[in-house]
Each structure stands twice: as structure tokens, then as C-alpha cells.
Amino acid sequence: FATSLIILSWYASNIGVLLLNKYLLSYFGFRYPVFLTMLHMCSCSISSFIAVGWLNIVPIQYIGSRSQLLKIVALSSIFSLSVVSGNMSLRYLPVSFNQAIGATTPFFTAIFAFLITCKKETGTVYMALVPVVLGIALASNGEPLFNVVGFVACLVSTAARALKSVVQGLLLTSEAEKLHSMNLLMYMAPIAVVLLLPAALIIEGNVFGVIASEAEKKPWFLLVLAANMMIAYSVNLFNFLVTKHTSALTLQVLGNAKAAVAAAISVLIFRNPVTVTGLTGFTITILGVILYSEAKKRSK
């Protein structure tokens, strides 16, 4: 029962943060993706410190060297780019299309693994990536609300997410430097805040003034922002709990299904138009990701 509850909470937080981000950035008119990401990172910084530093949900690990700190800064930069680009794409694209592009992460992971570590996969694994790419090409062609800026932002986000996983596997591999995901988040999030706050103020201007005037007109706006920040941290917390209570493979399967569930719920809520071509492309991409996971498992 506990595992089912954790999986449900994982789905609710993952899909909830997506839908709330979409509502804020597209429908409410809060067009500040960099600042919104910075708020998420503030929430992750404070909550991680409480969860790890005070509540000891995992044993606290300390940064042992300057080189380890620099590696965490590098990861945090890639992580920030990924989240900002993802939020930026939600301003221009429907959640359903955003999720279809996000499903191509394995394609980018395979490319970066080859370029950075010269790691080659089997022919079957590479063949399984073909439907992933074909599906997204078809989905793009059939997307009625296609937007170039949103599409590029979403591709950058997906590529950066893949790059982070490859770089993380390279940088923090030695026993002395390996960090638990919750400890890593505790160190990455404050660095992301330091990077994103000046970026938000330079790129997006007087966001604090906008928030103050919105809060004056609509006092509930601050509650929506606070809820958004809390859900952003809970995504990371439930990621950790799902991994702890299930297996990496289960998480992969749940992740594939999550994209489809998020897309379906967003279409029901936001009523964005969907075409048969777009739906077919999305389905082919998800099937390609499942084939890729299977091929990868067998190649091991």
C-alpha cells in the first residue's frame, strides 16, 4: 500500500508541476520562466537542507575537495539550463507536445555518451532509437500549435537533461566523490539560485515589482506560487522515494507512462487541439523509448 501511495504521489507531483507551470506561464500571463525556475531552486535548497540536514532522510555527505565542488557547479549549470529551457518551452507549446519531445531523452543520451565517453551501443539499441526520432518528426508535423521558439527550447531542455546524466556518471563516479541524489540536490540547488537570480533580473527585468502588483490585485497569486515551489521540491523527493521502494526499471516504465498520462490530462484541462498525425507520432516515440529500454537491458 505504501508503495502504491508513493507512486501515486510521484505521478501527482510530476504532472502537477507541469500543469501549474503551464498555467502560470501561458494562461495566467506570468511570463518569467527563468525567475520561476529560480523560485523552484529556492524551494529545493531550503527543503533539501531540512530533509537531509535536519530530518536525516539520507545520511548527510560533505563536499570533500575543490575539484568536487567545481564538478557540482558544472552539473548545476547544466541542470539549470535544462529546467529553464523546459519551463520556457511550456510558455509556447502545449504540455502534450512538450512531453512528446521530452520522451526523446534516450536519443540524446546515446549521442552524448558516444561523443563524450566514446561509449558505443549495440546495433539493436541504435535501431530502437529510429522510431523515437521518426515519431517526434511526425508529431512535430502534426502539431497544430507548433512554435519554433518553444520547440528549440524543449529540444535544448531534453538535450541538457541527457547531458547532465552522462556528465554526472563521469564526474561523480569515484567512491570519495559519489553523492546521493538528495545530497547532490542540496548542493546543486543553491548554486542554481546564484546562477539564475542575476540571469532573471537581467533577462526578465523587474519581476519582483510584477509579483507585488499581481499579489495586490489577486492575493491568491502568492499561494499559487508557493504551491508551485513546494510541488517542485516534492518531485525530487518522490523520485528518490519511488527509486527506493521500487527498481530503476519500474521507474523507467512509470516514466514512459507518465508522459502519456500528463499529455492526456493536459489536453482535457487546456483543451489544446490534437491531430491524428500528432497522436500517432507521440505513440511511435513512446513505443520507441520502450523498445530502446528493452534493447539496452538485453545488451547488458
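Cβ coordinates come from backbone N, Cα and C, glycine included.
Annotation comment: TrEMBL describes 4-293 as domain 'Sugar phosphate transporter'. TrEMBL lists 7-28, 34-57, 69-90, 96-116, 123-139, 145-163, 184-208, 220-242, 249-270, 276-293 with the feature transmembrane segment.
Residues 18, 86, 89-90, 125-126, 129, 132-133, 135-136, 139-140, 143, 145-146, 150-151, 154-155, 157-159, 161-163, 165-167, 170, 256, 259-260, 262-264, 266-267, 272, 274, 278, 281-282, 285-286, 289, 292-293 of the same chain lie 6 or more positions beyond the ends of the transmembrane segment (96-116) yet place their CB under 8 Å from a CB of it. Per-residue confidence over the domain 'Sugar phosphate transporter' (4-293) averages out at a pLDDT of 94. Looking at which of 7-28, 123-139, 220-242, 249-270, 276-293 has the most CB pairs under 8 Å to the transmembrane segment (34-57), the answer is the stretch 220-242. Contact check: the transmembrane segment (145-163) against the transmembrane segment (276-293) gives fewer than three Cβ pairs closer than 8 Å, residues 6 or more apart, which falls short of the contact criterion. For the transmembrane segment (123-139), the residues of the chain that approach it from at least six positions outside its boundaries are 97, 100-101, 103-104, 106-107, 110, 277-278, 280-289, 291-292, 294-296, 298-299, judged by C-beta separation under 8 angstroms. The transmembrane segment (69-90) and the transmembrane segment (7-28) are in contact, since at least 3 Cβ pairs between them lie under 8 Å (pairs 6 or more apart in sequence). It is 220-242 that, among the stretches 220-242, 249-270, 276-293, forms the most Cβ pairs under 8 Å with the transmembrane segment (7-28).
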